[in-house]
Amino acid sequence: MEAGPSTASPGVSVSPAPALTAGEVQLLKVPQKRFYRQRAHANVFIDHELDYPKRPELMDWSTHYPAYFSQPNEDGTITQGEKKVEWADVGCGFGGLLMALAPLFPEKLMLGMEIRTSVTKYVTDRIAATRQAQSLLPADSVDTKPGGYQNVSVIKANSMKHMPNFFAKGQLEKIFFLFPDPHFKNRKHKARIITPALLAEYAYVLRPGGILYTVTDVKDLHEWMAHHLHAHPLFEYIPTETLSDDPILEAARTATEEGQKVERNKGDKWVACFRRKEDPKEEDED
């Protein structure tokens, strides 16, 4: 178990966006969550209005990462560049993890996947506002963040159905499942984000050596997720103490809005991280 609060600044402005001058504030409207209210969870089994590619190479990333991807060609075809999305925050909520990690790892393209419409809109606006704030700063400003948040985006998606539509085999380096819906009732367990069937898909898009992070404040859910990950042949447990100095794990524990709420309530956080194993070698035929 990983427990104990960490310091975090809740704030109402975009965090960790830089402080702006009074003139810049007039130019920039920072989104506020109270205008993006929606239910805490969504039914993943109903058909939502979702756009997703038939296969990863057909995904147009130019609207998400305009600094890294060119727009589709005149004939509608897409030219894939060398950069790929490598980190995915599944059920990213209001984007706290993404905004914390983006300036720490400006060379990594990271994507939040969120099924709720209003929450996705909030994160989209939050990223746009933060990018604009960065563009208003002088190049030599101490508040300028590496990458200017051009490496982060969000998409409305049902990760339980469409992960392989967005990501090729072995494309992802890190996948985060932070404070997911616990689905307490037994009949609802099939809707949990970690199941044997779903782990097969996560193992497909996660490269060997990649890490899957889980954090929750619900002990039963922690034990459920850890049990299924331990049982899967393509994942191996990483002792949490070996990641004690990992800024990514610290952000996973403390940067999300849910994580900060748990800290304010002095609750426990349960952490389990697993590494993707190498694919088993095929035995030579006699």
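Yeah, the Cβs are placed from backbone N, Cα and C, and that goes for glycine too.
Marked as active site by Swiss-Prot: D181. Cβ neighbour count for D181 (active site): 17 (other Cβ atoms within 10 Å of its Cβ, all protein chains included). In the three-state DSSP reading, D181 (active site) counts as coil.
Annotation comment: Swiss-Prot describes G91, E114, I115, N158, S159, L178, T256, E257, E258 as S-adenosyl-L-methionine binding site, evidence class sequence analysis. Packing around T256 (S-adenosyl-L-methionine binding site) is summarised by its Cβ count: 27 other Cβ atoms lie within 10 angstroms of its Cβ, all protein chains included.
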Diameter of the S-adenosyl-L-methionine binding set by C-alpha atoms, the set being G91, E114, I115, N158, S159, L178, T256, E257, E258, in angstrom = 21
DSSP output for G91 (S-adenosyl-L-methionine binding site) maps to coil
Sparsest-packed of the listed binding-site residues (G91, I115) - C-beta count within 10 angstroms = I115
How many Å separate the Cα atoms of T256 (S-adenosyl-L-methionine binding site) and D181 (active site)?
-> 14
Please tell me which one of the binding-site residues listed here (G91, I115, S159, E258) sits closest to D181 (active site), measuring Cα to Cα?
-> G91
